[in-house]
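**Q** Encoded as structure tokens, here's the structure I'll be asking about.
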Amino acid sequence: MGRLILEHTLQGHKGRIWGVAWHPKGNVFASCGEDKAIRIWSLTGNTWSTKTILSDGHKRTIREIQWSPCGQYLASASFDATTAIWSKSSGEFECNATLEGHENEVKSVSWSRSGGLLATCSRDKSVWIWEVAGDDEFECAAVLNSHTQDVKRVVWHPTKEILASASYDNTIKMYAEEPIDNDWDCTATLTSHTSTIWGIDFDADGERLVSCSDDTTVKIWRAYHPGNSAGVATPDQQTVWKCVCTLSGQHSRAIYDVSWCKLTGLIATACGDDGIRIFKETSDSKPDEPTFEQLTAEESAHDQDVNSVQWNPVVAGQLISCSDDGTIKIWKVTE
């Protein structure tokens, strides 16, 4: 049986903490929250401490942050309807660009693997794709209006320029750029959840996606490409995503975030019942009918809702979480 061991409890933000994001090198992370501030934390010896506080970029709650793949830039999505781009080019972090266009709160932000594209989504039901046009220059490449409700999350595929979004309309959408006319189109709609989808994440090679929802379930989706050996039909030669596994009964309230570890294959969930749960694929799992078991759980990981969980991209088994209770926790998962 696995274990979830608490290594550090960190405080500093005022009010609820919405998001945490590991730097690609794994020795630094950023956090954001209700206090309109971003904190950059780093590890010295065995102690995590705040090195920088960025408090002049947003007028309202900061909902999510993400580092660029190169680690030079940090993007922050805010309820003030803007996305800020921060960099350390001058030695100190500063806001070098503010992306405007959304009509309401920006809920999520994500960099493509190449670092050349940025996606944002909002309560205004739209997903925007921005091209990095040069030093601190961003151009809107597409405005996608496929969802019928508030869009909660955007995540890029780990190897291809394919974007996934999750919404209050209970669906996940996939987008890709048409090679002929260079227009971004919705290429797939994933339906199975019965309530708001809060979080999505790809596995290491991007052939599977995990989602979590207000309906208290976690679902695993698999990509079936044209000519697949399973015989799954692919109309218009488009990849089809099918729900191949549903995990239910483990969570008692809405699941707000899910993270699929690229190093170990473990899945972590952040739940409104204050718990963190870790799932592992079973040894007899089949490609078209995968099975997962709960490896371990901490039912009272935080004193209030857990808003985000993120696996360290470098240190296998290290997990970070944040909560409405105003704390950040760093955990070690053993199998």
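Backbone N, Cα and C define each Cβ position, glycine as well.
Swiss-Prot feature annotations, pasted as is:
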REPEAT    12-51  repeat 'WD 1'
REPEAT    57-96  repeat 'WD 2'
REPEAT    101-140  repeat 'WD 3'
REPEAT    146-185  repeat 'WD 4'
REPEAT    192-231  repeat 'WD 5'
REPEAT    250-289  repeat 'WD 6'
REPEAT    301-335  repeat 'WD 7'
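For each listed feature, how buried is it and what is near it?
**A** Packing against the repeat 'WD 1' (12-51) from elsewhere in the chain are residues 57-67, 69-71, 74, 76, 78, 86, 93, 304, 307-308, 310-315, 318, 320-328, 330: each is 6 or more residues past its ends and has a CB under 8 Å from a CB in it.
Here the repeat 'WD 2' (57-96) is broken down by DSSP into helix, strand and coil counts: 0 helix, 20 strand, 20 coil.
Residue counts of the repeat 'WD 3' (101-140) by helix, strand and coil are 0 helix, 24 strand, 16 coil (DSSP-based).
Sequence-remote contacts of a segment are chain residues at least 6 beyond its ends whose Cβ falls under 8 Å from one of its Cβ atoms, and for the repeat 'WD 4' (146-185) they are 107-114, 117, 119-123, 125-127, 129, 191, 193-202, 204-206, 209, 211, 213, 221, 239, 241, 262.
Beyond the repeat 'WD 5' (192-231), the same-chain residues lying 6 or more positions past its ends with a Cβ under 8 Å from any Cβ of the stretch are 152-153, 155, 157-160, 162, 164-168, 170-172, 237-248, 250-260, 262-263, 265, 267, 269-270, 279, 287-288, 290, 292.
Residue counts for the repeat 'WD 6' (250-289) under DSSP (helix as H, G, I; strand as E, B; rest coil) come to 0 helix, 17 strand, 23 coil.
With helix defined as DSSP H, G or I and strand as E or B, the repeat 'WD 7' (301-335) counts 0 helix, 20 strand, 15 coil.
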**Q** DSSP-wise, what's the residue breakdown of the repeat 'WD 4' (146-185) into helix, strand and coil?
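**A** Its residues fall into 0 helix, 21 strand, 19 coil.
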